[in-house]
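Notes follow once the structure below has been shown.
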Amino acid sequence: MKLRTNAGPLQGTIQVPGDKSISHRAVILGAVAKGETRVKGLLKGEDVLSTIQAFRNLGVRIEEKDDQLVIEGQGFQGLTAPCQTLNMGNSGTSMRLIAGLLAGQPFSVKMIGDESLSKRPMDRIVYPLKQMGVEISGETDRQFPPLQLQGNRNLQPITYTLPISSAQVKSAILLAALQAKGTTQVVEKEITRNHTEEMIQQFGGRLIVDGKRITLVGPQQLTAQEITVPGDISSAAFWLVAGLIIPGSELLLKNVGVNPTRTGILEVVEKMGAQIVYEDMNKKEQVTSIRVVYSHLKGTIISGGLIPRLIDELPIIALLATQAQGTTCIKDAQELRVKETDRIQVVTDILNSMGANIKATADGMIIKGPTVLYGANTSTYGDHRIGMMTAITALLVKQGQVHLDKEEAIMTSYPTFFKDLERLCHD
């Protein structure tokens, strides 16, 4: 598709879709809680729909009523062996978390994904789940999908130190631990997003968080809840950056989730000189509205414990850095290489093809700015965040056109992205 270029100031108010991470976990925990769970504000992107369909195939009744998702949970014992392969589409979250959940079930399943997901390593969940007594395997020593899993009603608790910073691996182990008899401990390398821990407790589960160590004594039963999903800060990030780098822009981003394990991007842009104001902050619900205006920015260093708190925002932060004065250095972000694409290489290649000055490193990027950006022919490469980054980049292009292939990938997390973009350009 041909993208909008040479945009004037962006003006208006935006309500971003529901948080993808929280939406997944609401469905997963609701499916094994006892009673009727109702979810408001659920993201209806393709990844979450993959999770919903997986649980329907596992015998859980899930339907939409009055703009809410209603899940009829029967507890951990209520799941039934699927009659077909579970297709997780493009969703690594679905595959890894559901594998953890099915670890304690007395049946076997085969889990597959699309071409992109089939290139993402699952060894990170295979090894701890095997330690708990699950028969699980993928392709090659990296355990690429498809995964074959035989659950075990007599799971063993483990103490596991994560070799990488991964909320998905942590979550897979905790979901299995809810069904294991005894004390499971997960020790993180760096603190990652804690939605699973928070939602287990919201559903009546018990665990202890002590710094980087999470302790859970199983088995436990969960109780159905009413869940309201806040706006996804990872989706809001695209408008946040657009507002900061397009001259004359002023945007109000409504109802954005600001769980502290996800707010790294806000800290980074403020350090770079961004003018942002928080309105209607609700600290208990961890939700706020964010007013952003065009700002003059300077380069910075992004590394260490900050990385897990903004890992999904790094592509759009890279674009931001191309418009900042000086050098921005992103380090310790090697996890980007095993996302939907090798995001370090793809971001570098796309932005450099449009005139940026970026050097890819083994674990990040070195970005020099500010640079003028030009038109190019490019692709999402099947990665939703790459697609949205490119669409925001195109707004800065004053010379040439920008053509984007495989734009349908954006449906993964933000089905109304282009509609919202057009509205902000016209308000």
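Heads up, the Cβ atoms here are built off N, Cα and C, so glycines get one too.
According to Swiss-Prot, the features are:
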- D312: active site, proton acceptor (ACT_SITE)
- K20, S21, R25, S166, Q168, D312, K339: 3-phosphoshikimate binding site (BINDING)
- K20, G92, R120, Q168, R343, R385: phosphoenolpyruvate binding site (BINDING)
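Here the features listed in Swiss-Prot are painted onto the structure.
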residue: K20; record: 3-phosphoshikimate binding site; Cβ within 10 Å: 24
residue: S21; record: 3-phosphoshikimate binding site; Cβ within 10 Å: 29
residue: R25; record: 3-phosphoshikimate binding site; Cβ within 10 Å: 26
residue: G92; record: phosphoenolpyruvate binding site; Cβ within 10 Å: 21
residue: R120; record: phosphoenolpyruvate binding site; Cβ within 10 Å: 19
residue: Q168; record: 3-phosphoshikimate binding site; Cβ within 10 Å: 22
residue: D312; record: active site, proton acceptor; Cβ within 10 Å: 24
residue: K339; record: 3-phosphoshikimate binding site; Cβ within 10 Å: 20
residue: R343; record: phosphoenolpyruvate binding site; Cβ within 10 Å: 25
residue: R385; record: phosphoenolpyruvate binding site; Cβ within 10 Å: 28
What's the CA-CA gap between R343 (phosphoenolpyruvate binding site) and D312 (active site, proton acceptor) in angstrom, rounded?
10
I'd like to confirm something. Which of the binding-site residues, S21, R25, S166, K339, has a Cα closest to the Cα of G92 (phosphoenolpyruvate binding site)?
K339
In whole Å, the longest Cα-Cα distance within the recorded phosphoenolpyruvate binders K20, G92, R120, Q168, R343, R385 is 19
Counting distance between Cα atoms, which of the binding-site residues K20, S21, S166, Q168, K339 is nearest R120 (phosphoenolpyruvate binding site)?
K339
